[in-house]
Amino acid sequence: MEVYIVGICIAVCGNFLISISLNIQKYTHMRQSQRGTRPYYTSRLWWCGILLMGLGELGNFAAYGFAPASLIAPLGCVSVIASAVISVLFLKETLRASDILGGALALTGTYFLVTFAPHSSPHVTANMVERSLVSWLFLIYFSFEAILFAVLMYLYNCRNMKHIVIIMVMVALLASVTVISVKAVSGMITETIRGSHLQLTYPIFYIMFIIMIISCAFQIKFLNQAMKLFDATEIVPINYVFFTASAIVAGILFYEEFYGLSVIYIIMFVVGCLLAFTGVFLIARARPRIKMDSVFISMGQIPGKSCTDKVQPQPEDKKYGTLASKFTCNSGIQQDEP
């Protein structure tokens, strides 16, 4: 089996777990806001979502050690497709024509991405990371990112502009740094395991590890802010597009992953990205939302009892979670559980 195929399989599994995690966290935010009691981070259910996200991100982390970042990052569309499948199979939502078309486009785009993306990248070593960090191209790119992030933070905190694009662009800028550091740490660990050369003795390994932890922490912070303010069906596609674009740019500028790739392969890769982006937006577009009032009224519902009532979408209410019906109708979770 080719090494990059291992990375693809790990990334697909990781993104599936992340899709479940995001829905669980959104449901927790909605439940806590409905009750108006303790903060969301006191909920055991929210921590379960964080645990699943950690496992999914761990899978993505490992995948970067086996395949280029520009190949692994676009596979995030798996989380969108998985969310749509969960909605149809478990929440009994209507299967729309846009879901079928979006899923077909996303799968076609993913096939193009896997086929035409670079399947190999230079071996990530400490010396290679150090050289890339001081290259003029990366320094210009990083300076632009830092200035843009500072401007957006000013608008977000000082001007109180809570627009979803502002938040998700900040997440994407952090994601670019995360991808670079994750690829560096994972690559150096992979090189060490292969026995070619011990990389863990270099200070740059620990510097990149610290950068990875800090950037991931701030990503989670802003992503949770977005999930509190907006619906998951808005967050997922925008986050996918912005994250994928930032990861591809980071892979090109820092790791030179497209070096030597033919023009036709680059064109087909871009086409695959556009197909995947379009498919993701079609799947997430105007999805029906679950009315949550009945969730909190039926406090005496028997655990494990099937939900037979027809759930009606309420377009004017924005406080919904895509896994809410499953948790309340088909699981044994008590309604008063924190």
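Backbone N, Cα and C atoms are what each Cβ position is placed from, and that goes for glycine too.
TrEMBL entries are annotated by machine, without manual review.
Features of the protein shown, as given by TrEMBL:
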type	residues	note
TRANSMEM	5-24	transmembrane segment
TRANSMEM	45-66	transmembrane segment
TRANSMEM	72-91	transmembrane segment
TRANSMEM	100-121	transmembrane segment
TRANSMEM	133-156	transmembrane segment
TRANSMEM	163-184	transmembrane segment
TRANSMEM	204-223	transmembrane segment
TRANSMEM	235-255	transmembrane segment
TRANSMEM	261-284	transmembrane segment
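The transmembrane segment (45-66) is in contact with the transmembrane segment (163-184), judged by 3+ CB-CB distances under 8 Å for residue pairs 6 or more apart in sequence. For the transmembrane segment (235-255), the residues of the chain that approach it from at least six positions outside its boundaries are 19, 22, 68-70, 72-74, 76-77, 79-80, 83, 121-122, 124, 132, 137-138, 141, 164-165, 168-169, 171-173, 175-177, 179-180, 183, 223, 226-227, 273, 276-277, 280-281, 283-284, judged by C-beta separation under 8 angstroms.
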